[in-house]
Amino acid sequence: MSNKIIIRVQSPEGMKKITSTKRETAAAFLKKVAKEFGFNSNGFSVYLNRNKTGEVLSQNKTLSLLKIKHGDMLFLFPSSAGPSSETMDTQPHSSSSSSSSSSSSLSRSHSAPQIPEDEIDQYLSKQEGKIYRNRDPQLCRHGPMGKCVHCVPLEPFDEDYLNHLDPPVKHMSFHAYIRKLTGGADKGKFVALENISCKIKSGCEGHLPWPEGICTKCQPSAITLNRQKYRHVDNIMFENHTIADRFLDFWRKTGNQRMGYLYGRYTEHKDIPLGIRAEVAAIYEPPQIGTQNSLELIEDPRAAAVEEIAAKLGLRKVGWIFTDLLSEDTRIGTVRYSRNKDSYFLSAEECITAGHFQNQHANPCRLSPDGHFGSKFVTVVATGGPDNQVHFEGYQVSNQCMALVRDECLLPCRDAPELGYAKESSSEQYVPDVFYKDKDKFGNDITYLARPLPVEYLIIDITTTFPKDPVFTFSSTLRFPIENRDALGETQDFHSLATYLAQCSSSLPFLDIVSDFHLLLFLVTNEVMPLRDSIGLLLDAVKTSNEELAQTWKKSEQWATIEQLCSTVGGQQAGSLDYAMGGPSIPASSSAMWSCLHCTFMNQPGTEHCEMCSLPRS
């Protein structure tokens, strides 16, 4: 009779079979286990029982003396962070490999890194999320304290309810999707939101590295694109129209496209069960080169300062916005309706850019082994609508698109903006096959290779709104010049600051004067006297709308120096520059180009009539 035996060893990563003999020592057996699972000699422990009793020690005793027989199952726990006995498979010794795989996913979800989630995610995870309905007088046949199928509360992911809303909701909220995953009998014990990977797994030693070799263990799976059923953000809301109007002014005056970052906060969106809203409080315009049909971003030396200021104001970068506008009729102010179902909503290049930004701003998630899943970073397009007026359309790209962009597997098509192209494998990079499904003329589902790829499979649309009652995080009614608009003759310097302060009336509170995002950014980043280390009190005053804090900061030496510099640059005496004074305002520079109020044409300096429409400048 042969002495060869097979011992099963179960770990958090699955079960493996180890070939041994009855006379083999425990020390030699444990070396085989370490080599098979890729552990160090002291990086794990092996037990006879799943409750961590009967440890198999590295000793010279044979397996037969330890009463380990052919077909027995041992249990391996990593010594660094071994999962509890509850996370192991609870099936008997004759359990199949399918139970081992479910145990593996369970252990991965529990061993995910514990990183702090966003405040809105922590808040929504504690909410019940049920959709309560009133008693139907026609269908309900019970008393006022009873419940039936016609009035029982619905789950937040109920598709019939979402489809019957006005307007219908195509995508459930992300937290409703989590409730759907965790609402079964197991209460989500086996849920693990895993990020898609399009790269070859490293560390495979059974063959030469790519392109000389590849195997099923390290090869990434093929991807079939599906329309995502959920979205991480359910609504985008600008606090007021002024934010968007000031952003559009650049296009109105130059005809060139513009891009900006949206700064705001995430709040609860109560119109959708467990929904999230991105509220926009300000737009920061980074250095860029814009033409009528292109945009090129330039490296921004002030990016870190902007993030720091926004964080101290209680804001964060929630998305990006860009214009795609072309005048239809300048006399009545209409724009061309170019983005529709017959052309495209987002081009492939814009989807790739959106995916790049979303990968940079990943969403912390406790159910993901990587600690992050998806993104709440949104994309807003200012473009022409069906009525030939400027509309704001909100989008995100799917998690599948984020993975393709992150692993550099997606390319745009040069001659067709509505199509993307999945790269082919080369000697430098292995790219998994990417497919999508569509219906043929007979109504059959046909699978196509994503070369090319319609980008509609990657896009998630988000409603973009403005409130009936405007909200102002920054309460200043005056307009300080926006950064990086030198092409318009609008510069941020102490002359423009002196002009801005001179416009203030005596009755205007100091907090309302300085409560401007672009002014605060100038005070921190100007080269003459940056206030990065001494403006914290003022930022707290703006954040909490506290006039007393603002008045305290006004008495500081730094602000006195700013006043002196403004007086010197503006050509006034130091004592005459006071917002409590009613002095004359400093005239704007006559050497700058000016925009016609009637047709928005940019005229050369020194002219009093528009060169395009011949109407007077005033």
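We number each residue from 1, going along the chain as drawn.
Heads up, the Cβ atoms here are built off N, Cα and C, so glycines get one too.
Among the features that TrEMBL reports, compositional bias 'Polar residues' is placed at 81-93. Among the features that TrEMBL reports, compositional bias 'Low complexity' is placed at 94-111. The domain 'MPN' annotation in TrEMBL covers 236-373. Feature annotation from TrEMBL assigns domain 'RanBP2-type' to 590-618. If you look up TrEMBL, you'll see 80-119 marked as region 'Disordered'.
Long-range contacts of the domain 'RanBP2-type' (590-618) within the same chain, counting only residues at least 6 positions beyond its ends with a Cβ under 8 Å from a Cβ of the stretch, are 252-254, 330-331, 488-490. Residue counts of the domain 'MPN' (236-373) by helix, strand and coil are 37 helix, 49 strand, 52 coil (DSSP-based).
Residue counts of the domain 'RanBP2-type' (590-618) by helix, strand and coil are 0 helix, 6 strand, 23 coil (DSSP-based).
Over the domain 'MPN' (236-373), the average per-residue pLDDT in this prediction is 94.
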